[in-house]
Amino acid sequence: MTDKSNNPAPASDPSTTETSNDADGSDGQLDAETDPGTSTGPSDLDDVILDNLDAGSDDPSDEASRGLFDDLLEGEPIFENKEVLRPSYTPHKLPHREEQINNMATILVTALRGDTPSNILIYGKTGTGKTASAKFVSEELETTSQKYEVPCEVEYINCEVTDTQYRVLAQLANKFIDKNAQLIDDRIAELEELQSQARENTAALEETAFGSLDDVEAEIESLEADKSEFEEVPMTGWPTDRVYSSFFDAVDYHERVVVIMLDEIDKLVEKSGDDTLYNLSRMNSELENSRVSIMGISNDLKFTDFLDPRVKSSLGEEEIVFPPYDANQLRDILQARSDVAFKGDALTEDVIPLCAAFAAQEHGDARRALDLLRTAGELAERDQTDNVLEDHVRQAQEKIELDRVVEVVRTLPTQSKIVLFAIILLEKNGVHNINTGEVFNIYKNLCEEIDADILTQRRVTDLISELDMLGIVNAVVVSKGRYGRTKEISLSVPTEETEAVLLSDSRLGDIDDVQPFVQARFDN
């Protein structure tokens, strides 16, 4: 990516070319002490900083004046543009997704003819390129619509964040209200310019639809009245039908085809049911000027099982499945991104294959592969080494896995945390082959200590199964002969780190002495 500035490179290095972003995507500008008449691009900034560091005087007092970051800046940066390794980045080319992209384009091309595209459901596991591909196609659609002057817009909603009908409709309403306001302002500006020209020469109106200056003024007043009718929707407080009405009026203000992209659409259905999808999928029968199409993206291939048959029928007109990437495909993706993300030969030859291999084990997750590569690069920078090594990748794998565990444990419900804490206490005190009864005894005492409700042993068994599904514990059903069957439970995550996360919860952190609860195992 090149800098749009036309200023020359610094005189000290006329061969230097400029790039728009440094490793962290910032604009990197020099202060006034450099050369006030010269614009220095971000790619030059690293060199200037290093030159300034190396050019310090021999005065011993300089050592004392060195700041916290001076030593860290002395090493050569590894990254050229770290942002291309983040999930938010949409590349200009998506390897191994050509078929899915072409399928989407074939369906959406009807929007460029002014017709309503079929609704699309996109399925695939995390990190299979669903959202990136959909955004790429959407950007191409909007670019082409501008080229041919066909009004076509795509609006993106992340349903993991915007997960209720009210929030979805309010966010959409406000987006279209803002667009309408901008459209009206632009039109008024054009009419005011026409007014100005017509006052000097009435011939300016001859090739327009206006017969007089009064007609122009009337049109301006009409537009201002339209704008005043659009009221921004608050994120809470209105009846849902009023929010829907605001969205409906805003989207139908003028002719256009609108594609509403609902990412993580299953989260919306899980939280709020299918009312939102029902309303969106049926509104075309009432719209007069605009047409609406839905593009839903989901990690769950079975979420439509919970939909009303009418919604399922209209929503799933077209389905596109994104299969997991294999190791070779992940290697291609990483290679393409690394060429832009890293400087020179920063990566040793075994780094990309190892990142690809680790991610292939995680159901072909490209997002995981990119996170691994970025984290490995960050670890190498912290080590102040010139290269990213295989060891950095292995450290990154451990760090990402630990971060995942910490986040999962941190967001567990309180009862699940108590059950997990009971298992940790048993393991820390040397108890092997932990069974459900032992966990339940410790659990009861913990609940009494923090004044929490005590669930039944059957419900605690269910919570253990849920922890097993999350990969936090390993619970195996074993037969005890005439004594029946039981679950043998063990931790699948680091004990110390997991305990620290649990104790950060204010309720569990109030427990002063855990030893009596472990002793309860032998007393019950």
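Glycine too: its Cβ is placed from the backbone N, Cα and C atoms.
Feature list (source: Swiss-Prot):
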{"type": "BINDING", "residues": "Thr128, Gly129, Lys130, Thr131, Ala132, Tyr325, Arg337", "note": "ATP binding site"}
{"type": "COMPBIAS", "residues": "1-23", "note": "compositional bias 'Polar residues'"}
{"type": "REGION", "residues": "1-67", "note": "region 'Disordered'"}
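Our reading of the ATP binding annotation (Thr128, Gly129, Lys130, Thr131, Ala132, Tyr325, Arg337) yields a largest Cα to Cα distance of 17 angstrom. Cβ environment of Gly129 (ATP binding site): Leu94, His96, Arg97, Gln100, Phe322, Tyr325, Ala366 lie under 8 Å away, each six or more residues apart in the same chain. Here the Cβ of Thr128 (ATP binding site) has 25 other Cβ atoms within 10 Å, regardless of which shown protein chain they belong to. Secondary structure from DSSP puts Gly129 (ATP binding site) in coil. Non-local contacts of Lys130 (ATP binding site) by the CB criterion (under 8 A, 6+ apart in sequence, same chain) comprise Ile122, Tyr123, Gly124, Ile297, Phe322. Thr131 (ATP binding site) counts 23 other C-beta atoms within 10 Å of its own C-beta, drawing on all protein chains shown. Counting only same-chain residues at least 6 apart in sequence, those with a Cβ under 8 Å from the Cβ of Ala132 (ATP binding site) are Thr90, Pro91, Leu94, Arg97.
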